[in-house]
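Here is what TrEMBL says about this protein:
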{"type": "BINDING", "residues": "C:Arg53, C:Thr54, C:Arg103, C:His131, C:Gln134, C:Leu263, C:Pro264", "note": "carbamoyl phosphate binding site"}
{"type": "BINDING", "residues": "C:Lys82, C:Arg163, C:Arg224", "note": "L-aspartate binding site"}
{"type": "DOMAIN", "residues": "C:5-144", "note": "domain 'Aspartate/ornithine carbamoyltransferase carbamoyl-P binding'"}
{"type": "DOMAIN", "residues": "C:150-298", "note": "domain 'Aspartate/ornithine carbamoyltransferase Asp/Orn-binding'"}
Amino acid sequence: MRHDHITSARQLSREDIEAVLDRASELAADPSAVANRHEGALLGLLFFEPSTRTKMSFSAAMKRLGGDIVDMGPVDSSSVKKGESLADTVRVVEGYADALVLRHPSEGAAEMASEFVDVPLINAGDGAGQHPTQTLLDLYTIRENAGLDDVSIGIMGDLKYGRTVHSLAHALTNFDVSQHFISPESLQLPRKVRYDLHQEGSEVKEHTDPEAILPSLDVLYVTRIQRERFPDESEYRKVAGEYQIDAESLSVAKDDLAVMHPLPRVDEIAYDVDETANANYFEQAHNGVPVRMALLDLLLGGDQ
Amino acid sequence: MRHDHITSARQLSREDIEAVLDRASELAADPSAVANRHEGALLGLLFFEPSTRTKMSFSAAMKRLGGDIVDMGPVDSSSVKKGESLADTVRVVEGYADALVLRHPSEGAAEMASEFVDVPLINAGDGAGQHPTQTLLDLYTIRENAGLDDVSIGIMGDLKYGRTVHSLAHALTNFDVSQHFISPESLQLPRKVRYDLHQEGSEVKEHTDPEAILPSLDVLYVTRIQRERFPDESEYRKVAGEYQIDAESLSVAKDDLAVMHPLPRVDEIAYDVDETANANYFEQAHNGVPVRMALLDLLLGGDQ
Amino acid sequence: MRHDHITSARQLSREDIEAVLDRASELAADPSAVANRHEGALLGLLFFEPSTRTKMSFSAAMKRLGGDIVDMGPVDSSSVKKGESLADTVRVVEGYADALVLRHPSEGAAEMASEFVDVPLINAGDGAGQHPTQTLLDLYTIRENAGLDDVSIGIMGDLKYGRTVHSLAHALTNFDVSQHFISPESLQLPRKVRYDLHQEGSEVKEHTDPEAILPSLDVLYVTRIQRERFPDESEYRKVAGEYQIDAESLSVAKDDLAVMHPLPRVDEIAYDVDETANANYFEQAHNGVPVRMALLDLLLGGDQ
């Protein structure tokens, strides 16, 4: 992999993706082999927006590699409040670390910031933009469960506003995957995304009825339908209920269907699904560690 | 010690307690012997409420063992704000760490959370509930100063609402300790706690006058009397003044009386006590490190 | 260097300063030589006020030495809110760490706190008071660029309220430096500081016109002119514009003029200066790491 910065999943070729996922598999199988690999290396964490799982799993990943973190902390307790530009902040902080992770509310922030620094910078979410390590851990989880060849994946819920979904759908066009988009009509894929997938040679199969397509799926990727997208509560309830998964609704699915979710969930996956063998969303979150270890290892010099 | 999780001091037998305190003594005597003992191990910190000493001393303990922490950070900068259930949060975070420490405002939170995770979970305070590592460091401090056999301990201040006090009093029933409860009448032990101590075979000796009992004590454990418990300021002042300890009031005490306090203090122990040999509250806070080291060591596999 | 605590740049002799700067040069040249030097040592971070660069660079410095940090975190998520005195807080926290770094809004806080602790304490800024590691990294940056003998330094901007500037100017009296103070009349050095510099045998040369003095300078140290110091906006704009540096204004300067700034900047240095060889402010911020490494190393026992 020859990238200085990882700002978007779109910059990653199939070969890049496979290099990360292969390395992640190795690291997951034998983490102790790399326990001191990056001893002394520091990862700078710049989170301008709240985060639990992304920040904690980047921290865990760096520490599992033998390195450590230097954390800016919450914006309220940083001098960012004094009005410093993002470009200045990253130019200062690159002097404190060997690589940077940036989450920022503005789309394009990571791309812009990456132009000012010499150390590798990873985008950990830029508003409505990209969150490439989420996409990589999603791909990793799909591959571990169902493979990435000749596989049928349903993506369900809010397909209109879901950044995670757009990025995953685009990345999946690199593989021999049949993608099914399941949502109420009001929350279907934006025209732009649909066009984009067509351009990549992917057929966009849209569904409004989960039950009809569920039996054929190998993976079901569920996302939250947000209340605030609906003009009134009753309309929201009707739609949300229809796209909620519970243990009973899985009775028509393949035995080894993998149910995924980027988390946090509210009620789009009922708690009784947690006890089924289909539940893969916690494992998916946990996969953030080996995937981020792999990416950091490759960026910090994995060939040494 | 055979516990997966430490959610309450009440689950600990006399043997469990002594195992932790013995290990803590060893670690305090020779911390360098364990400096790399848990290298590579990660402790997940989930503090849903403010904390200085508990969080910092867990961090120090884990690092003194050669391990490291992965910190959720303040709730405001985590995605907990997005409405994720505690059960989901701990199930995600257990994938990032080898053990978890949880502080939460709701009584019972740690017990509930422990049912969802496979890694050891330690309760660092659950509202009006339990805070077992505080109890352990209190016991350790008492043992270091006066022993836990044939010893006379006074517990003074707010005995009605003080979680720390109830937990300590219960734990002390495992030992040959004479407990004296010193408080204004309005802040005496709740009936439930008194009954509980009777059940454990402990005699509950209550006092309203500190001076009368002070000369016979080996340990005096002071807690804060909170202003908000009183209907009017003048009533509070009268009571608080009576239960305040200063250097002069110690003149009637045994020379080696150990004065303890869970901290923070406001004015229930005057600053002139700090300079006396009786002051043990800062040492008590410092003991949080070897005690938490010992507990972590036992939970993470101290027999290896 | 024989100091237990570093609370003020004023306590440091020329020999002390040179010991720190010499050690910093060594560490900057070969950081790997000290990668495990302070393994197992813990630095307690007590930041009662927001900070990005100071806190992150102390963290990086300690970790680059093989040590680790124990962070109190933001005041809002600490029990400091419960009304504990600073003296009590530091006495508790010294039990968790081998050295402490304190930032506090009250002038004199670090000096006071240092009287209560046995471990070394470093002042990381106490309101309008001192920030000695900022002064040391400023001196280091000047020495690396222009030396500290027979050198001409301009200090420009808000000289009335700038803590950084007063401390640097005082420290420079230890060296063979010609100091030029460039500011609007309303923001000139306070009488007290001017008197202080005279006492140290330093000539105070004041200028209101940057262009006139710029050609003779080896170093130009720029600070921000704060809007809130002016009664009206138009007055502020006129002054701020006059004391703004851009690439064009540097055309009259020496080729190797080093432009410095304690950061964050707003618009007192235009972005086009960043691309010039004169820009030294990011390097200056980065120098915080080797300088703090050197200081920590000396305090924690650099002779071992």
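Positions of Cβ are set from backbone N, Cα and C atoms, glycine also.
Packing around C:Arg163 (L-aspartate binding site) is summarised by its Cβ count: 19 other Cβ atoms lie within 10 angstroms of its Cβ, all protein chains included. Distance between Cα atoms for C:Thr54 (carbamoyl phosphate binding site) and C:Arg163 (L-aspartate binding site): 15 Å, as a whole number. Shown in sequence order, C:Gly157, C:Asp158, C:Arg265, C:Val266, C:Glu268 are the residues of the chain, 6+ apart in sequence, with a C-beta less than 8 angstroms from the C-beta of C:Arg224 (L-aspartate binding site).
Across C:Arg53, C:Thr54, C:Arg103, C:His131, C:Gln134, C:Leu263, C:Pro264, which the record gives as binding carbamoyl phosphate, the greatest C-alpha separation is 17 Å. Packing around C:Thr54 (carbamoyl phosphate binding site) is summarised by its Cβ count: 24 other Cβ atoms lie within 10 angstroms of its Cβ, all protein chains included. Taken as a whole, the domain 'Aspartate/ornithine carbamoyltransferase Asp/Orn-binding' (C:150-298) shows an average pLDDT of 94 in this prediction. In the three-state DSSP classification, C:Arg53 (carbamoyl phosphate binding site) falls within a helix. Restricting the binding-site residues C:Arg53, C:Arg103, C:Leu263, C:Pro264 to those with a CA within 10 Å of the CA of C:Arg163 (L-aspartate binding site) leaves an empty set. Listed binding-site residues C:Arg53, C:Arg163, C:Arg224, C:Leu263, C:Pro264 compared with chain A at a CB cut-off under 8 A give C:Arg53, C:Leu263, C:Pro264 as the close ones.
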